Amino acid sequence: MKKKGEMKKVKKVKDKVNDGQDDDPWWWLVQEGIRPSFLCISLFALLVRVAVGLHPYSGARTPPKFGDYEAQRHWMEITLNLPPKDWYRNSSVNDLSYWGLDYPPLTAYQSYVHGVFLKTFDPDSVALFTSRGYESYLGKLLMRWTVLSSDVLIFFPAVLYFVLVYRSMRFGMGQNSDVAWHIAMILLNPCLILIDHGHFQYNCISLGLTIAAIAAALSQKDLVASVLYCLALNHKQMSAYFAPAFFGYLLGKCLRKKNPLLEVTKLGLMVIGTFAVVWWPYLQSKDAALAVLSRLAPFERGIYEDYVANFWCTSSVLVKWKKLYSTQSLRIFSLAATLITCLPSMVQQILAPSSKGFLYALLNTSFSFYLFSFQVHEKSILLPLLPLTLLALEESRSILWLTHFAMFSMFPLLHRDKLVLAYMALYALFILVYFAPCGPSGRCHGTKTLDNTQKTKRSVDFITSITFHPLLMGFLGLCSLILHVIYLTMHPPNKYPFLFEAVIMLICFSQFVLFTFYFNSKQWMLSKHLTSKDKQKKLI
C-alpha cells in the first residue's frame, strides 16, 4: 500500500510538470537551461540585425557630408592612416570640419581595428582622402559586419552575463519562460537595432560594456565593475548618463564595509588606472589631452539639435533659449538642472544601496541627463532604455509604453534614413514578443510581480494611476498612430515646416517626464521595504 501511494505521488508530480509544459509554449526553449535558450534567441536576434542591415543607412548617397555611416568610415580612414597624436588635431590631412573624431580614445582604437579589417578586404574603402563618400557594395557589407561582430563579441556576452547574475539573485524570475522572455526583450530592443544596424552606429559596444559593469556590480565584483564602466565611458561620453548611479551605489557599498577608506581608495585607483591606460597616447603633453577634451564637448553646436524630446527643445516653443541666453549661461543652466534632478537617485543609493535600487537609479539618472543635459540627440533615448530593458520583468507595463514612445521620438530621424519599413517590422516583432504567451510570469500565471503597486505608498499609487490611466494611454496611443499616418502622407504648412516634429516631440516629452516621476518614486520606496536587519548588515 505504501509503495502504491508513493507511485501515485510520483505520477501526480509528473502530471503537474507535463501540465506546466502544456501551459507554457516556451518550455521547449528553456528546458535545457539558460545558455541553450540564450543561444537560440541570440541566433534569431542576429538574423533580425542582418535583415535590418539590408535597408538604407544614415546619409546614403547624399553628398557632400553624407551621414553617420560616412562618419564611422572616415574615422577608420583617419585612425588607420595617421598617428594617434593627429587623430584629434585639425591639420591639412585631418579636416575636423569633415566628421572629425568627437568620441573618446576607445572609439578611436575601435575604429582603427575595424579599419584594419576593411583594408584587408577592400583597401579603397579606407584610403586617405580618396575614400570620402565611398559606398561600394563590398565596403557597405564589410561595414555592416563590423557592427554585427561588435554585437556578437561584446553586447551578447554581456547580456548573458547579466541574465545569469540577475537570475541568481531571483528578482522575480519565477519560471524559465521568464528568462527567455527577458533575454528576448534585451536582445530584440527595436530602438538599438534600428540605430546600430539601420542608421549605423556602434552603441552596442558602450552599452554592452555598461551591462557587463552592471552585472559585475550586482555580483559584488566592484573593482571589475569600475574597470568595465570606465571602458564604456571611454568609448562614448554619453555613458556618463549612468555615472551618478554607479557612484552612489559603489560609494554606498563602500561606506557599509569595515574599512570604507580602503575600499574607496581601491575603486579610485582602478578608475585612474583604466583612464591612464586608455588615454596614454594623449598624456604625453597637456596640449594633446586638451585637444581630445575639446572634441568631446561640442558646446558650439548649441544646447540642442533637431527636435529631441527633452526639456530644452520642448520648452523652446515658448522660451527661445538660444536667443535669450549665451552658450555659457545655457551650459550652467543645463548642468544645474541635470545635477538637481539626478541627485535624489544618487543620494538614495548612498544611504541605502541595493541591487534593485541600483537598477532604478541607472534608469532615473539616465533620464535626468536625457531631459536636461547639454547637446542631447534623439538617439540618446537608448541610454534610459537600457536599464529599463534590464528591469523588464519588474516593469513589464512600462517597457511596452516607453519603448513605443522612444521609437516614436526617433521616427522623424528614421524616416529621413528611409527606414520606415524596418521601423514598422521591428515594432510589430517587439509587440509579438512582448505579448508572447507565458512571457512575464505576472501576466501569464497570475503571480504578483514587482510592478504591483499595492505595496507602495499613496503618492506612488497616485503617480501610477496617472501614468497607466487607460484613457490617457488610449488617447496618446491613438494620437501617435494618427501622427504616424499624417507624417507619412501629408506635408506641413509652409509657415511651420517642422510642425509635425514639434507635436511628436511634445507628446513624447510629456510621457518621459511622467515616467521620470514614476521611476523616482519607485526607487525611493525600495528603501522603505528594507528591514532594520538589512540596514545594519555589513557588506563583505
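Cβ atoms here come from the backbone N, Cα and C positions, even for glycine.
TrEMBL tags one of the stretches 124-142, 219-237, 295-313, 333-351 as transmembrane segment, and that stretch is 333-351. When TrEMBL is compared with the stretches 42-62, 357-377, the one noted as transmembrane segment is 357-377. Within the same chain, the transmembrane segment (498-519) stays apart from the transmembrane segment (179-195): fewer than three Cβ pairs sit under 8 Å, each pair at least 6 residues apart. Sequence-distant contacts of the transmembrane segment (202-218), counting only residues of its own chain at least 6 positions beyond either end whose CB sits under 8 Å from a CB of the stretch, comprise 72, 107, 110, 146-147, 150-151, 154-159, 161-162, 164-166, 169, 192, 195-196, 224-226, 228-229, 231-232, 235-236, 238-239, 242, 246, 249-250, 355, 358-359, 362, 379, 382-383, 386-387, 390. Long-range contacts of the transmembrane segment (357-377) within the same chain, counting only residues at least 6 positions beyond its ends with a Cβ under 8 Å from a Cβ of the stretch, are 214, 217-218, 238, 240-246, 248-249, 298-299, 301-306, 308, 310-313, 330-331, 334-335, 337-338, 341-342, 344-346, 348-349, 383-384, 386-388, 390-391, 509, 512-513, 515-516, 519-520, 522-523, 526-527.
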